[in-house]
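What follows is a short report on a single structure.
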Amino acid sequence: MKIPFTKMHGLGNSYIYINMFEEHIEEEKLSKLAIDVANKDTGIGSDGLILIEPSKEAAVGMRIFNKDGSEGKTCGNGLRCVAKFAYENNLVKEKTFLIETKAGNVTAEVHGTHQLIDEVTVDMGEPSLNRKAIPMIGEDTSQIISENFEVSHHPLELTAVSMGNPHAVFFVENIEEAPLHDLGPIITHDHRFPEGVNVEFVEVVNETELHFRVWERGSGITQACGTGACAAVVAAVLNRYAAKDQVVTVHLSGGDLAIRWATDNHVWMKGKAQTTIEGTFLWS
Ligand SMILES: N[C@H](CCC[C@H](N)C(=O)O)C(=O)O
């Protein structure tokens, strides 16, 4: 099967994008396709697969599949790339438009020209903070802010945030010493998160700067995670390391994102989106 694709990334968080306005792939094949395209040896190499598809309620729809074939509900870096692709390929006419995700519709604004969109702003909507919304096991509906969370005899403090997908945020003194490799794969499957979780370690530089590393649910360590960066800023405000309605620069391995948790409770994200490969995947 010959499948035209575009490889794009947001700060090094790369996905293989397929324009489903022009392609048709059976639902039951999508999980395996995500695994196959993501494979760096036998496929193209990426953090997963993203489908750009028609939508009844928005200008375009986005679906994201992780490297392990699991489907996520939303993707911040992916949304910026989808917006870039949609405008550059005339799937949309306006520079501000709605994108449908499994976590709800979000508004994107592209910056640049039809020939080249280099930056995109996305209103990522409102975070969800109570236990059931993350989701986490346990009855109470309180917010989880720096709650004791022991894992493998490591006494950590958890702040849990959903941006439509689940995030476990841990603040550390020194990001370079964060136990990402050791604890990321354990926490992501911890039984306290019935749907799994994206795991972020964050060092506070000052009230407008964070350092950030991530172990993603279904993809492992990635260069960047847009929804994770949003969750990190929300967690920083909840822990009084940062303030609402201030732009916080999040330094990820692959570059910087500007994030603002506005007074209307919406989280805004602005950052780059880049295309690296256009090709045809010969899939069997
Ligand atoms: N890289 C994405 C997040 C993917 C989330 C996915 N790993 C999941 O929730 O299962 C981002 O830029 O927001």
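Each residue, glycine too, has its Cβ placed from N, Cα and C.
Annotations in TrEMBL come from automatic prediction, not curation.
Quick look at what TrEMBL annotates:
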- CYS75: active site, proton donor (ACT_SITE)
- CYS75: active site (ACT_SITE)
- CYS225: active site, proton acceptor (ACT_SITE)
- ASN13, ASN66, GLY76, ASN77, ASN165, ASN198, GLU216, ARG217, GLY226, THR227: substrate binding site (BINDING)
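CYS225 (active site, proton acceptor) has CYS75, GLU216 nearby among the recorded positions CYS75, ASN165, GLU216, counting only those with a Cα within 10 angstroms of its own Cα. With a 10 A radius on its CB, ASN165 (substrate binding site) counts 26 other CB atoms from all the protein chains.
Cβ neighbours within 10 Å of GLY226 (substrate binding site), excluding its own Cβ and spanning all shown chains: 27.
Same-chain residues with CB within 8 A of the center of the ASN13, ASN66, GLY76, ASN77, ASN165, ASN198, GLU216, ARG217, GLY226, THR227 CB atoms, the substrate site residues themselves not counted, are ILE64, GLY72, THR74, CYS75, GLY78, VAL214, SER219, THR222, CYS225, GLY228. The Cβ neighbour count for the residue listed as 'active site, proton donor', using a 10 Å radius over every protein chain in view, is 30. Spread of the substrate binding residues is 16 Å (greatest Cα-Cα distance among ASN13, ASN66, GLY76, ASN77, ASN165, ASN198, GLU216, ARG217, GLY226, THR227).
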